[in-house]
Amino acid sequence: MPVFKGSGVAIVTPFNEEGVNFEKLGELIEWHIKEGTDAIIICGTTGEASTMTQEEQQQAIKFTVEKVAGRIPVIAGTGSNNTAHAVEMSEYAQSAGADALLVITPYYNKTTQKGLVAHFTEIARHVDIPIIIYNVPSRTSLNMLPETYLELSKHVDNVVGVKEASGDIVQVAEIARIMGKSFEIYSGNDDQVIPIMSLGGLGVISVTANIIPAKIHEMTTAYLNGDIEKARDMQLELNPLNKALFIETNPIPVKTAMNLMGFNVGPLRLPLVEMSDKNLEYLKSVLSKYGLLKEAN
């Protein structure tokens, strides 16, 4: 059984002056489950994990697991460019009850493909739950190549898939060809969900689902149920919104959008800052076109 199929939300982390706003996080989790979200990814890039303390990350993972209470899968972001730290966080997430892990490739260190195999092998041998690799070269300066997944599979059996955010559809096709249908591929880009699903992908780990969870669930479910035309049309319809949510570094626009929509998820953490006036006006105009802003905004 795959970790999930359909729409997994890379959920934002709401903050207040005390730190993580757990009351608001709980409200968001309940809303996502009601709206049909198929999995929750906690402590990812969109969740600003890189500017959370380790204690905050662990509290957020534990809280999410307990709040979801088995209704949908909880996938914990536990990656690090320090292998030992990634192991520690992965062991914690497993002990807290996470269903799976999302582990980014090491950033900044710029290891080799051989180093990637060693890194993920070390993490995988410390846990039993499934691991989904997160490949996002634009953030890590490192691209995990298709043949590296095959080499890794010779060493471990609980690395079950990849969140592919390279933007290279040919690379995704090659991963699918080399690894076969049992290897789970999820789009890491909201504007490539249906193209990646057409190559055997099972869904998306989505930023856009933070503001329109029902729509992303509907689109991915349509494809999974064989309604290719509906899924394609929805992808094309939503792409201008996807573009607006990446006009500045994620999660700046999506968190701004959520606050504009009345979700009150609080501030960004430095070094992320508020949007420029020009980009903010553009974001507002796009949100308005999709009927996502109240008249007061």
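Backbone N, Cα and C atoms are what each Cβ position is placed from, and that goes for glycine too.
Per Swiss-Prot, the features are:
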- Thr45: site 'Part of a proton relay during catalysis' (SITE)
- Thr46, Ile205: pyruvate binding site (BINDING)
- Tyr108: site 'Part of a proton relay during catalysis' (SITE)
- Tyr134: active site, proton donor/acceptor (ACT_SITE)
- Lys163: active site, schiff-base intermediate with substrate (ACT_SITE)
Counting across all protein chains shown, how many other Cβ atoms sit within 10 Å of the Cβ of Thr46 (pyruvate binding site)?
23
All chains considered, the count of other Cβ atoms within 10 Å of the Cβ of Thr45 (site 'Part of a proton relay during catalysis') is 23
Neighbour tally for Lys163 (active site, schiff-base intermediate with substrate), based on other Cβ positions within 10 Å of its Cβ:
25
Winner by Cβ contact number (other Cβ atoms within 10 Å) across the recorded positions Tyr108, Tyr134
Tyr134
Which whole-number value in Å describes the distance between the Cα atoms of Thr46 (pyruvate binding site) and Tyr134 (active site, proton donor/acceptor)?
13
Recorded positions near Lys163 (active site, schiff-base intermediate with substrate): from Tyr108, Tyr134, Ile205, Cα within 10 Å gives Tyr134, Ile205
Proximal but sequence-remote residues of the same chain as Ile205 (pyruvate binding site) (Cβ under 8 Å, at least 6 apart):
Gly8, Val9, Ala10, Ile41, Gly44, Ile75, Leu102, Lys163, Tyr186, Ser187, Gly188
For Thr45 (site 'Part of a proton relay during catalysis') and Tyr134 (active site, proton donor/acceptor), what Cα-Cα distance in Å is obtained after rounding to a whole number?
10
To the nearest whole angstrom, state the Cα distance for the pair Tyr108 (site 'Part of a proton relay during catalysis') and Tyr134 (active site, proton donor/acceptor).
15
